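Taken verbatim from TrEMBL:
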- 536, 539, 576, 579: Zn(2+) 1 binding site (BINDING)
- 545, 548, 563, 566: Zn(2+) 2 binding site (BINDING)
- 303-469: domain 'Helicase ATP-binding' (DOMAIN)
- 571-723: domain 'Helicase C-terminal' (DOMAIN)
Ligand SMILES: Nc1ncnc2c1ncn2[C@@H]1O[C@H](COP(=O)(O)OP(=O)(O)OP(=O)(O)O)[C@@H](O)[C@H]1O
Ligand SMILES: [Zn+2]
Ligand SMILES: [Zn+2]
């Protein structure tokens, strides 16, 4: 018998980031498990928590311990392997246990304490004893208003304070009075944000002889009840109340009378909200594998069949049939009685993608993405937890899908930076996927046409401490179509020849040709570097956020300026606030400018524009793509959104307006990102019968990322890029930890940041770790900074950062975590915040 549980409580602070001990009441002892969600008293509140371990022995005197208040679910929301995974995340990413646990459950289960009102026991008993409408012995002292309230609560069992005050808005004083006298009392309990959805069902409660007797017993007056019973007997299965009422045109009262006589039962049955219930997915069958696919498939299924843990890096050129391999491997996994998770970047979780999985696996698939309502997401999650589906497809957080016997995790486009969560817990879904697969003895497929340097290097050198995948390659397209021809266009040359347009002559001609032939063009604009600020052409004033040191972005739809970091918004000015000049220009979003230019150059051209502005409405993304597929557009123009996963037969031209905008970004990964993006975009052309062409416009035509991507030459790019990384000691030749300190006052922050950095250096020195990465030792650690962050002020808080760069088997995360805790303890400044980002993707 378990007597005590250790519970992680939902109180986000450094001091509470440890398990607390609670007694397990006898009534719960058979039900509580590791991973159970409970309501526990904490200080003077009731808070939600998760059980992380169970114990038969008490560690202290039971009189000093409090019991668990309530058990919130019959089936624990977290299987115990996820609780272990949370502990792993907390160590690896220096995050609190509660933040890791919360990341694993749907937001519907982030319950908050609610105040409930009850009638005190002794007053309830009094009612039972007399049962003549006399409520309790002290009733003589109560007025009618009081009696009514007490009777109401007694009738409902308990009600929330919010409910009560809404029902009796003018009797708050009366309620307070009853509470003061102890006739009513208050308790707290956790209330979920979303309820399970139920429908009322009706079924016959009699059969055989009893049914005949029942039918005979109805006189002429109860003719309707008789009809209902006949109908229920005929169907022989529970029906929804709605259906009974509409088919027989009877009232709910009729059905209820039937139930009151004991001839029928009415029940609330749980149902699942299904976001795809109105959609029909055309069923597909596995395609016959190409020889390349066959090789890959064999490796994968051997691992699956042996129930082994294995990580595979599937490097396949665009259109080489990676998705088909995923589908067939998943099928094998399911046939072995295990489950599979498919991770895709949020941006490519398009209806097309969902269709491919639903088409193959039908109702075995749960889909989890951010455009679902909280209730829908909760229900998709429950299908997974209750074992009703075998496949989960979703963005980053789907890596936590609570399957019992996970056999396979697929991560498509594994190089995508969106797999790293930028908020706490700052985890990378790739590392979490590998760890989960290790727990389950499962296989992992990391798929990409342009694998990240981290994964590729780990596979080649087999030196990564966390994972060392096996590389599987696919270089052919099953359709037999060739990779498109890519032309690099030097925009400096265009300018020299007198072309000031944003379109080169070649791209211009290419678009004209496609319009003529009735083929389609995809135009891609890298949004990074094209942000839309407002500038005064007279004095050079740029509108900036008053709280964050960055320029505001113009939004045409709402005609206002917004800060992308803090949400600050202000109407767009018509005159310059500095010099009163009217020459203040809004540079519309990059895509809007291109659209304008296109219609000037090609009168009558049909442009479908896809960017943040045109896809913010629900379903807009889907509508635009469908319109393009139906050939209602000559050109699909967009940002990152058009780069991924799209497959249109008539697209024969892809144009990249400015390839190098990302190259100027102060980020050591900018060459890698540019290469990946160009390769992805180019992969959209000529995927079917018609051959494709790609034009890449650039001001840096000699840059290696552009040259190699134009030749579809991943390996040469990687070779060159790895050399740079090695020289500068960047990942994968080192690991990084970014520590950001923020505070409202700049001078205070400066002092604290210095303080932190020197404490960190001192500790590293004492461990003998600190030094220069240029020294040829297998282990080394260096600390850069503190310096002002690239975004030096956000939401009125100043920001300074330190970068820890290290290699070898050092536990630098613990070092940073302990130093940060020590600094907080020592400085005791409520305004100071220290955030730790392990393996950062964004260096802002
Ligand atoms: N074995 C096969 N036989 C015939 N056609 C195939 C086969 N495998 C895949 N295809 C087809 O080839 C095309 C590309 O396949 P798929 O989308 O799976 O490639 P991918 O590598 O995932 O592409 P991307 O890199 O663009 O995501 C699709 O139209 C698909 O139906
Ligand atoms: Zn001005
Ligand atoms: Zn701001």
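All positions are counted from 1 along the displayed chain.
Glycine too: its Cβ is placed from the backbone N, Cα and C atoms.
No curator has checked TrEMBL annotations; they are predicted automatically.
Structure with TrEMBL features highlighted.
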residue: 536; record: Zn(2+) 1 binding site; contacts (Cβ under 8 Å, 6+ apart): 542, 576, 578, 579, 581, 583, 584, 585
residue: 539; record: Zn(2+) 1 binding site; contacts (Cβ under 8 Å, 6+ apart): 576, 578, 579, 581
residue: 563; record: Zn(2+) 2 binding site; contacts (Cβ under 8 Å, 6+ apart): 545, 547, 548, 550, 552, 553, 569
residue: 566; record: Zn(2+) 2 binding site; contacts (Cβ under 8 Å, 6+ apart): 545, 547, 548, 794, 795
Annotated binding-site residues 536, 539, 579, filtered by Cβ under 6 Å to ligand 3: none
Of 536, 563, 566, 579, binding-site residues neighbouring ligand 1, Cβ under 6 A: none
Fewest Cβ neighbours within 10 Å, where candidates are the binding-site residues 545, 548, 576, 579: 579
Contacting binding-site residues for ligand 2, chosen from 536, 539, 563, 566, 576, 579 when the Cβ sits under 6 angstroms of any of its atoms: 536, 539, 576, 579
Conformational class of residue 536 (Zn(2+) 1 binding site) under the three-state DSSP mapping: strand
Taken over the domain 'Helicase ATP-binding' (303-469), the model's mean pLDDT: 92
536, 539, 576, 579 excluded, remaining Cβ within 8 Å of their centroid (Zn(2+) 1): 537, 538, 540, 541, 577, 578, 580, 581, 583, 584
